[in-house]
Amino acid sequence: MRPILLQGHERSITQIKYNREGDLLFSVAKDTVTNVWYSVNGERLGTYNGHTGAVWCVDCDWDTKNVLTGSADNSCRLWDCQTGKQLALLETNSAVRTCGFDYSGNIIMFSTDKQMGYQCFLNFFDLRDPQQIEDNQPYQSIPCNDHKITSAAWGPLGEFVIAGHENGEFNQFSAKDGEILKKVKEHTKQINDLQTSVDLTMFISASKDNTAKLFDSATMDHIKTFKTERPVNSAAISPIMDHVVMGGGQEAMEVTTTSTRIGKFEARFFHACYEEEFGRVKGHFGPINCVAFHPDGKSYASGGEDGYTRIHCFDPQYFDFELEA
């Protein structure tokens with residue numbers, strides 16, 4: 001099966017995300033446009049227009065009603081998924097780096113960058129209270145003075161947000177009172193990406209220190225480590241197999257100095273239990289910035305520095321594959 005190539009961005013992809021059913025794939029890039037695609041055939045369904053800067057993050061709620069995007073134009077925007085209409089505009093003092101709906105779809109969180117003299121904040125809004133949106137007053141705003149948040153995701157039951165910081169540490173921030181529930185530091189460098197498993201019990205982190213690590217969401221116990229020889233930009237957990245996929249490559253600015261083969265622009269598959277690499281998929285002409293598994297586990301998508309998103313469907317052999325221990 002040949003991969004489906006999605007060409008809808010002029011600049012590098014920053015994040016891709018499937019909705020819960022997996023029939024739609026959202027992609028955002030550094031070119032202000034948010035695209036939504038049919039994941040089955042790669043047809044573009046439409047765009048969400050309004051941002052005036054690079055879009056860093058995108059998320060979709062559980063019933064695919066609303067879409068949330070965060071951008072370097074110092075705003076976080078809420079869209080109607082079906083019509084593409086902008087429902088809310090939340091302005092900030094610095095770029096919005098991460099965003100996400102909690103499991104209920106009622107509460108959103110987003111984090112802002114530490115730049116231009118402003119510090120990094122993690123903001124929480126309740127969408128059921130229109131007053132919060134109107135006054136642009138989050139019901140909770142947590143300052144992160146030391147190290148800015150580079151990636152974040154909701155934990156199980158919407159009780160807390162797991163945040164990865166630029167110094168390689170993780171914090172669990174309570175969504176109720178903003179307390180730091182747990183703190184761990186397993187990585188030595190910046191966390192590039194953080195994705196949860198389908199049931200939210202585990203999360204995988206991708207870091208500049210050339211590793212991806214698997215953690216328990218609630219206890220923050222470090223479970224597994226997957227090592228490579230390049231910075232890892234993104235990692236995802238398969239919903240049906242004990243597999244993880246990782247995308248990486250060197251920094252975008254160093255790409256021109258290496259040949260494509262040495263560049264290591266492959267998606268790499270590791271067995272989640274044995275920490276063994278068992279496969280690679282080539283294709284991108286630059287580092288892979290984001291990977292995501294389809295919720296049914298039968299395909300995965302990757303977005304690269306080359307501005308393309310590729311959807312790869314797995315062959316039947318993949319599902320029968322057993323790693324000999």
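Cβ atoms here come from the backbone N, Cα and C positions, even for glycine.
Going by TrEMBL, these are the annotated features:
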REPEAT    6-47  repeat 'WD'
REPEAT    48-89  repeat 'WD'
REPEAT    184-225  repeat 'WD'
REPEAT    281-311  repeat 'WD'
Per-state residue totals over the repeat 'WD' (6-47) - DSSP helix, strand, coil: 0 helix, 23 strand, 19 coil
Same-chain residues near the repeat 'WD' (184-225), Cβ under 8 Å, at least 6 residues beyond its ends: 103, 150-157, 162-170, 172, 231-237, 239, 244, 246, 248, 270, 272-273, 275, 290, 292, 295
Cβ contacts under 8 Å made by the repeat 'WD' (281-311) with residues that lie 6+ beyond its boundaries: 3-18, 20-22, 25, 27, 29, 31, 37, 39, 42, 193, 195, 198, 233-241, 245-252, 255, 260, 263, 265-267, 269
Local confidence of the prediction over the repeat 'WD' (281-311), expressed as mean pLDDT: 90
